[in-house]
């Protein structure tokens, strides 16, 4: 899959139509695949009696646009609460990592050509052609022995300044954020006996399709965390998860203020997140649900603020665009302004989902907030 270089987009379109229709028109056949809202336990905008029957269960729904870090957060919950990944899962993550590396490197080779960046070493032309010839249309796992055939070409290409320059311009095309990490660790990953480390697993990127759940217990209180795909094509599944929720963790990729959606190649990613948040936070179904904002990918935001001005993409920004605190304050204000109900504060956290200790610390605070906000519903019997 090659790169398609796009001009920087400043479109501010409402791209949350599917979410709005799911929430507004859940009673219509065909919307979200549900016959009517009543059959799902909704009545008069309040949570159903089903929730009262399982009043002690804390059900947390992870929502947000694609690539905001929801699946990574769910992986962290498994790691933090002691659920190890079995052999089958490790092999699946290995396949995903091989796929991330090969596809990401092909995108870089293609982008270098489209951007007119010369090779540092002319012999890398053949390495690039070799890599572009790789196709896995059937989606079959790439065996370690097969992946090893590409390692010399991948290593040579990643050392080439032409590829590095293309990488530095990655906001102009679609590239997975973990590609650099995996290419930097290619010597280890390219071994025949390679198995992913926990950090590798956290950085492995595969779009969530369907609904993924994780159950755990904290101080005798059962928690259920639900991850639903964030791409536009997956949002019709969100409504299936709304019944009985205690809290919504809404995740935003805070560093994507200069990037556009993979789905349409023109909508600003941060604008997309704001539009979805506005739809969720102002819906009467969630009036009694605590919504906590996670401004994720702080590690990438710290790097980006130094070189990319947010004011270029959001002209109403006031302050120093290269000062982290000013950018953080602006991001919180942007989301806070979307809320029509001002009676409750907006709980928010800046997070780095790939940092286990950061997520451990943040989730401890979030857990206390959720329990306090929902004390009557989850009190011990």
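Keep in mind that glycine also has a Cβ here, set from the backbone N, Cα and C atoms.
The feature GTP binding site is assigned by TrEMBL to 67-72, 202-208, 227-231, 296-299, 353. Summarising the annotation, TrEMBL assigns Mg(2+) binding site to 71, 208.
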Check each residue in the chain of residue 202 (GTP binding site) that is at least six apart in sequence and keep those whose C-beta is under 8 Å from its C-beta; list them in sequence order. 72, 75, 76, 79, 353, 354, 356
Sparsest-packed among the binding-site residues, when each Cβ's other Cβ atoms within 10 Å are tallied, from 71, 208, 296: 208
Winner by Cβ contact number (other Cβ atoms within 10 Å) across the binding-site residues 67, 299: 67
Whole-number Å value for how far residue 71 (Mg(2+) binding site) lies from residue 208 (GTP binding site) (Cα to Cα): 7
Need the DSSP three-state call for residue 296 (GTP binding site) to compare against my parser. strand
Within 10 Å of the Cβ of residue 70 (GTP binding site), how many other Cβ atoms can you find? Include all protein chains, please. 28
Output, ordered by sequence, the same-chain residues six or more apart from residue 205 (GTP binding site) with a CB under 8 Å from its CB, or 'none'. 67, 96, 100, 176, 177, 178
Whole-number Å distance between the CA of residue 299 (GTP binding site) and the CA of residue 71 (Mg(2+) binding site)? 17
Spacing of the two Cα atoms, residue 296 (GTP binding site) and residue 71 (Mg(2+) binding site), in whole angstrom, works out to 12
